[in-house]
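Visitor: The DNA-binding region annotation in TrEMBL covers A:248-310. Per TrEMBL, the feature compositional bias 'Polar residues' maps to A:1-13, A:362-375, A:381-397. Taken from TrEMBL, the feature compositional bias 'Low complexity' applies to A:142-155, A:340-351. For A:53-247, the entry in TrEMBL reads domain 'PBC'. Per TrEMBL, the feature domain 'Homeobox' maps to A:246-309.
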Amino acid sequence: MLQQQPLTGNGPSNGRVLGVSGHSGMHAHNSVRQPSQHRSDESGLEGTENGHETRRDIGDILQQIMTITDQSLDEAQAKKHALNCHRMKPALFSVLCEIKEKTGLSMRNNQEEEPQDPQLVRLDNMLLAEGVAGPEKGGGAAAAVSAATSSGGMSPDSSLEHSDYKSKLSQIRSIYHTELEKYEQACTEFTTHVMNLLREQSRTRPVTPREIERMVAIIHRKFSSIQTQLKQSTCEAVMILRSRFLDARRKRRNFSKQATEVLNEYFYSHLSNPYPSEEAKEELAKQCGITVSQVSNWFGNKRIRYKKNIGKFQEEANLYAMKTALGTRQGDDSPHTPNSTGSGSFSLSGSADMFLGVPSVNGEQSAYQMQSNGNWAGRNSPPSGTSPHSDQSENSD
DNA sequence: GTTGATGATTGTGT
DNA sequence: ACACAATCATCAAC
């Protein structure tokens, strides 16, 4: 790039070689003019000096630029001013522009506007959904809470947990916003600083608006990657919080005694085919104050556990069979039962009654409720269509 | 603290 | 989509 010119050590008298007025360029080590050269043969760019002279002149300027950082602030400022006023400056500037154009093109190809990072979009969406990002006091948190608890019955202390959750969430939220603000502020400050620098530099070297733009974009990219990290850790914090407070599995609540009773009554009174239809599930859910999916879960668990250890459930089965039998004889004293036993074309005859007189504990007696393969009889028929609640008067009141 | 009960989740099969 | 089976995580009694 820059070829160092041989220094002649000719002394301060050559200081005005740059044609710089006043005090600048007076130092010996900056004077590179050869004594053998005559000013008269100068031609070249301005047409007043010859080629040799011009080249050396350029060399002088470049040399001065190179050494400008070694000088004191005042000296450097003075030199800068001198350089700006130098007659060669426009020419040098245009050369620099040309070089820049060439290198700039290759750089530009490398980094055209990249598509938005999908991960960042996901993070943003999540933070928005959780109520961390987005408008203040948004319904996000509440929505998240309700979404998380929709699968389970609202327990009495749920509101207390929610307030705890909310306070923790808002804590995260405020930290997130503070940090974000800090980053943004730092980004703005740094951008301004860099832009000022570039503007300053544009006096001595070509700095295109596009270059400034690119520099700003680079800065923003860097800062946004930091912001992404912030978002990521915020998301993690929210997830942990959620799992801690809202995971239904963690906050399992036993169903009320009454609800369990209703479910058990249905189960044992439909033991031959304990697969409630969708409507029956809805009805049971309503009666128990739980969701349909909880009813499904309960029946799923009950079937499997009953099947695994019929003996253990024998007593319970007898109890509910008795209840059901009593209920049918004396009228319905258990208003919550699906009450399918009354005209049970299918249920009672095949289930509840039998328990009253089948004491065998090892479970073999139940083979006639279940098929030999362990499946319930009727399981293969369409579950909902053949549901034993066909005759039940669900809206008994 | 241990243990059995229980509601929920997950993976698999149909 | 639903059921089953295994498993997890919590509750509740001791």
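Any Cβ shown, glycine's included, is placed from N, Cα and C.
Where the annotation comes from TrEMBL, it is an automatic prediction and has not been curated.
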Visitor: By DSSP assignment, list the helix, strand and coil residue numbers for the DNA-binding region (A:248-310), in that order.
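Guide: Summed by class, the stretch gives 42 helix, 0 strand, 21 coil.
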Visitor: What mean pLDDT does the predicted model reach across the domain 'Homeobox' (A:246-309)?
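Guide: 88, rounded to a whole number.
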